[in-house]
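In TrEMBL this protein carries:
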type	residues	note
BINDING	232-239, 257-261, 279-282, 345-348, 374-376	GTP binding site
BINDING	239, 259	Mg(2+) binding site
COMPBIAS	181-191	compositional bias 'Basic and acidic residues'
DOMAIN	226-396	domain 'Hflx-type G'
REGION	163-191	region 'Disordered'
Ligand SMILES: Nc1nc2c(ncn2[C@@H]2O[C@H](COP(=O)(O)OP(=O)(O)OP(=O)(O)O)[C@@H](O)[C@H]2O)c(=O)[nH]1
Ligand SMILES: [Mg+2]
């Protein structure tokens, strides 16, 4: 008989301080997002505690009164064995709380004091995001990048934990390769430092590999491959669009930070010039610094692109803030000068037809030149594809070439790299009227006629 292993539900509570310069809307949006992040980690948020203050409490982030309130709430919970016997329609306030999530980044000592005061584990926003990245990292590069960011975050916290452990944390003698009197903390610190150095070396090696690939790709771009990068807030629908535009099977999931690696695919059906689309890691408010640094190299993909598609979830009430965050990160990585099309996605998710039409009109007025669409509608995807292709075709110029009968092997290349407007069979070969990138056309002429014009025939007769 098969027994089904059911994962025990994990419950979280959230605490957040609202500072005077943060509007209610912004504050609420951030809390909703933290709940989404928690859900991605498998937590169900059962209660939220908020406090308005002029600043975070230096000792424990929250004021004493609020700490007591949370302590009461947490410790009122039933024990796990009692919980199993409890009726399914359980009073949420009687659930055992696994973790307190804090909607800001707090210092190691604040976290420790908070834990002591409320009596359960504490995770701040940064740790939540790091944990999601950790779980979702697939490639060797992404794993190493996340590990560096995590170690950077954990190192000072290890010290804090060791302080808490007190004198037991200190080793008596020089055993196990440790220097005489060297504490666990020092050892841990050394280990962390060594591990970070090792990872950095690994990343450097991977980066070199990536640079070579990138150089190769850029070279290919010079030969008629154009690059588009999908960028935007997490969960906006970048991977869904990538799938739709390229017919590829990239991961799509209704969870935050589903994609951590950049994937590159050609637009499908193929176009002239051939367009490569890359999907990138999503952004979020207060992306931990360690992660920004680690993922910079991944995001540099966006810098190589000739065009950015900034994907925005048009059905999210917090879309404006998300849009600003993306603009800011793009500026940080120096990609703000790359031409960009704003793509408002998920319009199918905005209420009824009339509401969607009104919202479309408003967005188009507020963001001139934007695209409003649903990645789930093939017609919308086709229109976006047209828009992308025509962006790359705007620099194309018209030309004429005569492909001698002896050079028909170039025919395939000509069709894949140029738009053929007209074709005619002549005595000496096929005559074409074409459109292509100037560099492309120059190369074609060079192939047909290296050096002087008079040598053209000679060349083809060799
Ligand atoms: N209703 C609706 N849902 C969409 C649309 N596009 C994407 N989604 C859904 O939105 C969720 C997130 O989509 P993804 O494509 O994974 O989003 P992403 O931007 O790649 O997210 P990250 O990789 O986390 O940054 C999935 O559940 C998709 O099915 C759309 O046009 N309409
Ligand atoms: Mg994705």
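Heads up, the Cβ atoms here are built off N, Cα and C, so glycines get one too.
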So which binding-site residues out of 239, 258, 261 are up against ligand 1, CB under 6 A? 239, 258
Close to residue 259 (Mg(2+) binding site), taking Cα pairs within 10 Å and only the binding-site residues 232, 238, 346, 374, are 238
For the binding-site residues listed here, 238, 346, which shows the highest count of neighbouring CB atoms within 10 A? 238
Binding-site residues compared (235, 239, 258, 281, 374) - the one with the fewest other Cβ atoms within 10 Å: 258
Chain-internal residues, separated by at least six, CB under 8 A from residue 232 (GTP binding site): 238, 282, 283, 309, 310, 311, 312, 322, 326
Translate the DSSP assignment of residue 238 (GTP binding site) into the three-state scheme. helix
The answer for which binding-site residues (239, 258, 374) have a CB under 6 A from ligand 2 is 239, 258
Between the Cα atoms of residue 346 (GTP binding site) and residue 239 (Mg(2+) binding site), find the distance and write it as a whole number of Å. 13
Cβ neighbour count within 10 Å of residue 259 (Mg(2+) binding site): 22
Separation of alpha carbons, residue 239 (Mg(2+) binding site) and residue 374 (GTP binding site) (Å): 13
Integer Å distance between the CA atoms belonging to residue 281 (GTP binding site) and residue 239 (Mg(2+) binding site): 10
In all the protein chains shown, the tally of other Cβ atoms within 10 Å of the Cβ of residue 261 (GTP binding site) is 20
